[in-house]
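Encoded as structure tokens, the structure appears first; notes follow it.
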């Protein structure tokens with residue numbers, strides 16, 4: 001990991017000196033805010049109707065109408081936005097040729113990968129941190145299920161970090177940022193919807209596909225359940241693609 | 001000190017360099033010459049631990065590039081061709097990043113950056129964004145990043161390419177000033193630069209070293225032919241006829257820029273035989289007034305062209321490709 005901090009500082013500066021981070025965070029907050037407003041509006045409408053019907057009023061709660069849909073919407077927004085954060089991580093270095101200098105500094109390949117990964121993860125944390133304003137608003141008007149809220153956020157964070165690792169690996173494969181972003185989005189989407197085909201697959205292959213699907217593992221977080229298997233999935237997912245990124249850099253060295 | 005033995009690098013089936021051997025002593029400035037695609041950059045990339053070799057060994061300061069890559073990288077400064085910098089950064093932040101990457105201790109970082117900035121003359125542009133710098137300043141920033149950490153080994157790939165004559169002179173003087181305590185490998189296409197800056201020259205062509213000596217020894221000792229210029233008062237045809245018929249003369253070329261009625265020719269003859277007395281006799285026997293005769297020493301450019309052309313002529317094009325490929 002030698003030298004990761006120098007790379008981390010540089011990448012953080014790149015995110016925040018350029019408009020990249022601001023644009024992505026602003027988009028994220030705008031769309032999340034829109035869905036939050038829509039859900040809150042729905043909640044107030046349903047509550048209004050429930051005022052005349054005690055049966056309905058017992059069934060409605062903030063978790064089902066606002067918190068869980070908010071977490072689901074944020075996950076889908078991240079699916080679109082994470083490739084924009086990761087697309088330049090290696091593609092830009094390869095295109096400008098600066099990777100040649102970077103790889104001749106006394107920094108290990110693992111250090112380079114970790115520095116870049118942590119910088120993008122930091123932007124993700126800032127992005128999710130900024131969105132906490134919405135649950136805080138809920139706290140002022142009611143008593144949301146804090147477990148579901150925290151679980152949802154942990155799930156989104158783990159999923160986002162996995163997308164960072166996946167996108168970073170794919171950005172080592174092309175020096176064109178658009179291509180990197182496109183294949184990152186495609187790959188993330190594939191991991192997202194993978195479980196949709198399980199009904200057509202056999203028993204074993206269906207099980208494997210279900211285990212690889214992000215959708216299968218994110219749902220429990222949104223219910224406020226932190227299952228070890230789901231946490232492990234995202235940790236292994238990220239670690240696997242970080243490993244592939246390091247290997248990809250190594251092969252890049254061999255190709256000269 | 002740099003030792004390279006049997007260094008080979010294949011890209012697929014193509015050998016970019018093959019069995020390259022040379023040695024650079026500490027404190028030496030060595031010019032690395034060769035036409036485009038000769039293998040200069042590949043050799044430099046192996047020495048800087050950017051890419052591993054397919055065979056042979058390369059040692060920098062006694063350390064192997066494959067086994068001690070990180071230690072070597074801490075001891076060298078590298079300026080790649082085209083100076084790939086982070087354009088969005090300010091010069092100061094960029095050099096801070098490099099100092100951090102090269103593990104310059106935090107306490108010494110600002111003084112080290114100041115020292116390097118003063119050495120390469122970029123102290124006035126430290127607050128500027130690299131994208132907006134002139135080519136000359138970019139090149140200096142590139143040199144500055146190579147000098148951060150005071151590395152004993154400097155590897156510079158075409159450091160003066162694209163600069164105007166004034167900038168070239170400045171950068172050249174800067175490189176000269178490094179020689180006191182550093183080993184420098186300098187790749188360039190500007191041959192007069194090599195004569196002025198380098199203690200020794202290595203010429204590489206088609207992946208193999210074709211000559212290695214001091215610039216003066218190369219120009220003195222190399223070549224199968226010697227040259228002299230003759231000025232005579234006679235029509236060009238008479239002069240060339242007289243000269244061409246002299247034994248051991250291999251070529252005659254009429255040169256421009258003579259006074260009316262005079263002819264100037266460049267005569268090429270076999271290097272190991274001094275034909276000048278015979279040339280003088282041949283002209284006088286034909287009643288041609290010999291006004292001037294002077295021998296012309298080959299320039300480094302002549303030597304370079306001769307060496308890289310020889311290589312091309314000695315092997316047919318198809319052979320050349322075949323030589324570069326590994327038997328499948």
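Cβ coordinates come from backbone N, Cα and C, glycine included.
Going by TrEMBL, these are the annotated features:
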TRANSMEM  A:12-38  transmembrane segment
TRANSMEM  A:70-90  transmembrane segment
TRANSMEM  A:111-138  transmembrane segment
TRANSMEM  A:150-171  transmembrane segment
TRANSMEM  A:178-197  transmembrane segment
TRANSMEM  A:225-245  transmembrane segment
Can at least 3 Cβ pairs under 8 A be found between the transmembrane segment (A:12-38) and the transmembrane segment (A:178-197), with each pair 6 or more apart in sequence?
no
Which residues of the chain, 6 or more past the ends of the transmembrane segment (A:111-138), have a CB below 8 A from one of its CBs?
1-8, 10-12, 14-15, 21, 24-25, 28-29, 32-33, 36, 62, 66-67, 70, 74, 78, 82, 85-86, 89-90, 102-103, 144, 149, 153, 156-157, 160-161, 164-165, 167-168, 242, 245-246, 249
How about long-range neighbours of the transmembrane segment (A:178-197): same chain, 6 or more residues beyond its ends, C-beta under 8 Å?
79-80, 82-84, 86-88, 90-91, 163, 166-167, 170-171, 209-210, 212-216
